[in-house]
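All remarks here apply to the structure that follows.
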Amino acid sequence: MLTSRTTTTMSEASEDDDETTAGLFKEPDDYYPPEKEPTIVEHRMLSGQSLKLRLVGHSPLWGHLLWNAGRTVADYLESNSATLVKHKTVLELGAGAGLPSFVSVLKEASYVVVTDYPEADLIENLRVNIEQNCHEYHNIHAEGYLWGADMTPLTFYLPDNKSSAGFDVLILADLLFNHSEHGKLLTTVQQTLKKSADAQALVFFTPYRPWLLDKDLAFFDLARKGGFVVEKILEKVMEKVMFEEDPGVSVAVRFDASYQVVSANAP
């Protein structure tokens with residue numbers, strides 16, 4: 001009987017120890033930081049019209065920021081809408097909030113496909129922004145897309161069953177920092193840009209890491225080797241840098257460099 005009682009007591013003590021030990025390793029309720037809420041930013045078009053853009057609370061793919069090149073290419077498209085946008089088909093890659101795509105819709109593009117990495121939060125955010133800024137229009141579609149993948153889900157939305165023709169205009173805004181993906185990005189450009197003399201990819205970027213500028217520019221060397229003609233069309237000095245805390249920040253990161261990429265083999 002003594003043995004049995006001792007065993008029971010030890011068992012109870014062991015259970016108490018387990019609970020105590022578990023409590024020691026349990027994170028407090030406020031251990032993990034709360035998820036960041038989405039934010040709203042404004043872009044005022046050259047016409048004076050205001051666009052409200054929702055940004056995801058946080059994204060390892062940087063979708064929680066409205067990048068400088070996005071604003072710059074939006075202004076460029078608006079300024080040149082008669083030749084670049086009106087009645088044209090437009091594809092935006094790595095769109096984030098989708099600003100240039102919305103400007104394209106408002107400036108009478110025939111159809112716009114706006115894409116980003118196929119993550120549910122990013123694509124849903126694009127759809128929210130479409131509803132906010134282009135709810136009266138039915139010529140824009142948001143799609144998740146991984147660079148270098150099959151282009152059919154993108155060209156499917158081209159009007160008049162011209163899925164094999166490609167898009168008139170591609171928009172690549174602040175994508176070149178992702179050096180390891182240059183090859184896949186160029187593959188997508190090759191597959192989706194219409195084989196036409198006036199079709200073009202607009203590649204706008206800011207060298208946020210000036211010590212890696214050569215690696216950013218390597219995309220254009222790759223494009224030339226891939227049969228494209230590359231022309232610098234714009235350079236704009238920004239009022240301030242975007243990431244002041246980064247090492248090496250100087251006037252070098254205060255400009256947007258903009259390039260036009262067209263097929264050398266277009267008829």
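Glycine residues also receive a Cβ, built from the backbone N, Cα and C atoms like all the rest.
In TrEMBL, annotation is done automatically, which means it is predicted and not curated.
Positions annotated as region 'Disordered' by TrEMBL: 1-33.
Per TrEMBL, the feature compositional bias 'Polar residues' maps to 1-12.
The local packing around Asp116 (S-adenosyl-L-methionine binding site), expressed as other Cβ atoms within 10 Å of its Cβ over all shown chains, amounts to 24. The S-adenosyl-L-methionine binding site feature in TrEMBL is assigned to Trp67, Gly94, Ala95, Gly96, Asp116, Trp147, Ala173.
Here the binding-site residues are Ala95, Ala173, and the one with the most other Cβ atoms within 10 Å of its Cβ is Ala95. Taking each of the binding-site residues Gly94, Gly96 in turn and counting other Cβ atoms within 10 Å of its Cβ gives the largest count for Gly96.
Largest Cα-to-Cα span within the S-adenosyl-L-methionine-binding set Trp67, Gly94, Ala95, Gly96, Asp116, Trp147, Ala173: 19 Å. The sparsest Cβ neighbourhood within 10 Å, among the listed binding-site residues (Trp67, Trp147), is found at Trp147.
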